[in-house]
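Noted in Swiss-Prot for the protein shown:
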type     : residues                                                               : note
ACT_SITE : Tyr139                                                                 : active site, proton acceptor
ACT_SITE : Lys177                                                                 : active site, proton acceptor
BINDING  : 10-11, 31-32, Lys38, Lys53, 75-79, Asn92, Lys143, Val169, Lys177       : NADP(+) binding site
BINDING  : Asn168, Ser179, His186, Phe200, Ala201, Gly202, Ser203, Arg208, Tyr271 : substrate binding site
Amino acid sequence: MIIVTGGAGMIGANIVKALNDMGRKDILVVDNLKDGTKFINLVDLDIADYCDKEDFISSVIAGDDLGDIDAVFHEGACSATTEWDGKYLMHNNYEYSKELLHYCLDREIPFFYASSAATYGDKTDFIEEREFEGPLNAYGYSKFLFDQYVRAILPEANSPVCGFKYFNVYGPREQHKGSMASVAFHLNNQILKGENPKLFAGSEHFLRDFVYVGDVAEVNLWAWENGVSGIFNLGTGNAESFKAVAEAVVKFHGKGEIETIPFPDHLKSRYQEYTQANLTKLRAAGCDFKFKNVAEGVAEYMAWLNRK
């Protein structure tokens, strides 16, 4: 059996799809479906069972026998960079992750988890070491602290433990994320409503490493199949502008002119203007995966979003 926490979320559901594509259906999805709309992410996927997050973590803490587990993909977390309830974030993103990590270590179950480029804050080297990290928000700090915890235990681990610092992930199965959904998602909705796509003023200068979620899922499976341990950046290694995303959306629809809107005050000083994954460590680990660029990934995503 394979466990995917956050399996009804964007990245988790895409990992489930990638597992299905390789013939695996013996999958336990763990999630919190208080937001019932997330069920749609699982409708076309094959899983063996579902477990509520709270029930699952209770079983983990109790040390219950969950069966023969081949791997755990831990994608469940609060991913809102605008969330400032630190107690909630630390419980959900840090304490929960530690419990599951130790459950896996004790049983030598390969453990793969979601970290984030938010751990870097406004630092621009994007190298997977503590000296290059400095989160700007509580979400980033919760992910940073778990990375630090993993670094401390890695030398003694007898089974794979692998974290991925996700950069700007976009693609299918993100519709439940609301304001935290990707720019491509929001621009598509604007055009469908007959509006012009809107970007923040200055967006031509904001460069991000936009990585397609299908590629993210494939690299997770590569790490599992190759028994990889460590903490790695997961982006394309190439920063592109928000304008490039908008142009790809406009090209798909064949209509719309890009407009600019004022930059929100509440995001100033907490906004990463530039991200670009340094892939040196990932490539050195043997990953030669070819990532989609914005034009390729957004075109595929638009076709998926607008399918009949």
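Note that Cβ sites are derived from N, Cα and C of the backbone, with glycine treated the same way.
Within its own chain, Lys38 (NADP(+) binding site) has Ala8, Gly9, Asp31, His176 as residues 6 or more apart in sequence whose C-beta sits under 8 angstroms from its own. For Glu75 (NADP(+) binding site), the nearest of the binding-site residues by C-alpha distance turns out to be His186; the candidates were His186, Ala201, Ser203.
Ranked by Cβ neighbours within 10 A across all protein chains shown, the recorded positions Lys143, Lys177, His186 are led by Lys143. Annotation for Asn168 (substrate binding site): same-chain Cβ neighbours under 8 Å, separated by at least 6 residues, are Ala117, Ser182, Arg208, Asp209, Phe210, Val211, Gly235, Thr275.
For the recorded site, Lys143 (NADP(+) binding site), the DSSP three-state label reads helix. In the set Tyr139, His186, Ala201, Ser203, none of the recorded positions has a C-alpha within 10 Å of the C-alpha of Met10 (NADP(+) binding site).
Highest Cβ count within 10 Å among the binding-site residues Glu75, Ala77, Ala201: Glu75. Of all the recorded positions in the record (Ala77, Tyr139, Lys143, Lys177), the one with the smallest CA separation from His186 (substrate binding site) is Lys177. In the three-state DSSP scheme, Ala77 (NADP(+) binding site) is classed as coil.
A Cα-Cα distance of 23 Å separates Tyr139 (active site, proton acceptor) from Ser203 (substrate binding site).
The 10 Å shell around the Cβ of Asp31 (NADP(+) binding site) contains 25 further Cβ atoms across the protein chains shown.
Remark: Ser203 (substrate binding site) has Ser241, Phe242, Lys243, Ala246, Thr260 as non-local neighbours, by Cβ distance under 8 Å and separation of at least 6 in sequence. According to DSSP, Lys177 (active site, proton acceptor) is assigned to a helical segment. Every protein chain shown contributes to the tally, and the Cβ of Tyr139 (active site, proton acceptor) ends up with 23 other Cβ atoms within 10 Å.
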